[in-house]
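Here's the structure we're looking at; comments come further down.
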Amino acid sequence: MISGASSSSASASSQRSYNALLLCVAGLGGLLYGVDIGIIGGALPYLEATSGLNAGQLSVIVAAVLLGSVISTIFAGLLADWMGRKPMMTLSGLVFVVSIPVIALSHGYGPLFVGRLLQGISGGFIGVVVPLYLAECLASTNRGKGTGIFQWLLTLGIVAAALIGIYYSYRVEAMARASDAATLFQVKDRAWRHIFWISLPPGVLFVLGSIFVTESPRHLFRAGHRERAMAALLRSRTPAMAELEFGEMEGRSLNVGMPDGSGQKNTESLFRRKYLIPFLLACVILFCNTATGVNSIIGYNTSILLQSGLSDLAAHWGYVIFTTVNFLMTIVGMTLVDRKGRRFLLILGSTGLMATLITIGTLFWKTEKSNLECRGAVQSLVGPQQELILKFDQPEADRLLTASGHEDTTSLGAHASLAVIYSYGGFTGATTFVRSDDPAAEPIRITRASSIPATRIEAFFKNPFSDLDAARTAPLTIERARIGQIPDRTHGYLVALALFAFIAFFAVGPGVCVWLALSELMPTRIRSIGMSVALVINQLVSTTLAVLFLPVVSKYGYSTMFFLFAGFTVIYFITATFFLPETKGKTLEQIEQHFEALGS
């Protein structure tokens, strides 16, 4: 009797330890994903100062992660079915580990590009395979916690990257006051290399962790390894739970007409009705998640805060606070997702996102509505070389306003700015001229060389839909030019608070639940392929928004962009409220049965 109790206790302890290992591996995967996103931000200023690369090459280095991520996402599902989930996790970690020395030891454009491309490939694999693996390995009572930890440490990776960047900026600033130019160059060169080296240990730990976990039980079952599948279930579940889920796996296998555990390859179409409904629902949720504007708001956060009226230092600290709120509120979402459910958190989150986006849009609208149009007057200043050279002081501001038919040239006061959106063919840019009455201030220039990429690769990353040859001979066109008063600090603080609330609602709901929706809604037989397709669609949406953000803001203002994001969030709310079933506490096979009933 005592022996039986002791054995049961040891078994329970072993299950807890293994579940802890799974959660740690999930967290490290999320951390690497976050590092992929955020690490370049802190390194870029020093890379730019010491690498000798031009602006176009640097933009490609930044965007190479996106290219690698898209490429690997396309094939991640197929490779996960062919190689298995566990080997793919190990491979993704190894690719990340290899990328670090390639980047940190590089002395030129080629190695930097290859290293960043490898980081993107690693991130694409991780984004598909880790949530897929967690969904198939964790019991229904732990799935929310597992994907929550993935998202939580993803945000930690972004926060850590921001803090590392600030740490090195203080070090470089301190050295700048006490060192000569040669020493300062060496300090900056070491800074960006150290920033990448710091991200190596999590990659090594992820590789080691992936070696000690078992393969996904559902992948083993579909490959015909029944005994290994049962053994994998028993590592993280009680015998009763393992028997129940194994029986459901056998039942689902028979229901779809495949001998249980036969290892027969899946030849069913993704577009069969019983698969199409959950696939489309997952795609809509993923689309809406991106269309809330979260990636653009993260990417342009400092610029948004600067335009709202904050100082440069306040805007940068605002970004640190923003990422910290994201990190902390993800913990809240992680603790609630298995208690309150996915649907509840998505409804709560989308409601909060609507309110905050409308608030931010309204705040910007109140300042932007008083801006004065002067496009024609600015266009007249474009010289014969198709360049604009402008010193925006009081006389020039008065002249532009008078030439545009605005009689009152004194209402804006000294704190005025001129926002210009311009284009050379299909390549669009934007800049803001802040009024300065300092006679020694340098004029601001808009030139073809600074606006058009030098190579077709650079052109593709800047705008994949534009004709580079046509842009090289196209005239400089002023698409929009508006003079307005720079908002005060109170306006900036209000926008900052609304942005903090935005990311809090996102983190507690969509940020945690989107990975669950993606992995839980997809039936087992299409899960890996479906997740790859959905994530590729997500990448396209994210890229499209990134390309459109600056032109839309410059032409119509920040208010229009935030109201547009709010509109997409309404769709998110409707989808979560009326179409999304609650998956809390259900096995993957039970969720699949729900959609099969809808599709019959």
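Using N, Cα and C of the backbone, Cβ positions are placed for all residues, glycine too.
According to TrEMBL, the protein carries these features:
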DOMAIN    22-584  domain 'Major facilitator superfamily (MFS) profile'
TRANSMEM  20-46  transmembrane segment
TRANSMEM  58-79  transmembrane segment
TRANSMEM  91-110  transmembrane segment
TRANSMEM  116-135  transmembrane segment
TRANSMEM  147-170  transmembrane segment
TRANSMEM  194-213  transmembrane segment
TRANSMEM  275-297  transmembrane segment
TRANSMEM  317-337  transmembrane segment
TRANSMEM  344-365  transmembrane segment
TRANSMEM  493-517  transmembrane segment
TRANSMEM  529-550  transmembrane segment
TRANSMEM  556-580  transmembrane segment
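Sequence-distant contacts of the transmembrane segment (317-337) (same chain, six or more residues past either end, CB-CB distance under 8 Å): 144-145, 147-149, 151-152, 155-156, 158-159, 162-163, 166, 298, 301-302, 305, 310, 345, 496, 499-500, 503-504, 506-509, 511-513, 516, 584. Cβ atoms under 8 Å from those of the transmembrane segment (58-79) belong to residues 36-37, 40, 44, 47-48, 51, 88, 109, 112-113, 116-125, 127-129, 132, 453, 457-458, 461-462, 528-533, 535-536, 539, 543 of the same chain, restricted to positions at least 6 beyond its ends. Listed by sequence, the residues of this chain that lie at least six past the ends of the transmembrane segment (91-110) yet keep a Cβ under 8 A from its Cβ atoms are 29, 32, 36, 51, 53, 57, 61, 83, 116, 118-119, 121-123, 125-126, 129, 193, 196-197, 199-200, 203-204, 206-207, 210. The stretches the transmembrane segment (529-550) and the transmembrane segment (20-46) are not in mutual contact, being linked by fewer than three Cβ pairs under 8 Å (pairs 6 or more apart in sequence).
Contact counts against the transmembrane segment (493-517), taken as Cβ pairs under 8 Å, peak for 147-170 among the stretches 20-46, 147-170, 556-580. In this chain, the transmembrane segment (20-46) touches the transmembrane segment (147-170); three or more CB pairs sit within less than 8 A of each other, excluding pairs fewer than 6 residues apart. Looking at the domain 'Major facilitator superfamily (MFS) profile' (22-584) alone, the prediction's average pLDDT is 82.
Through the fold, the transmembrane segment (20-46) approaches residues 58, 61-62, 65, 69, 89, 92-93, 96, 116, 119-120, 122-123, 126-127, 130, 134, 137-138, 142, 145-147, 149-162, 164-166, 168-169, 172, 188-189, 191-192, 195-196, 199, 202-203, 205-206, 209-210, 212-213, 236 of its own chain, all at least 6 residues removed from its boundaries and within a Cβ separation under 8 Å.
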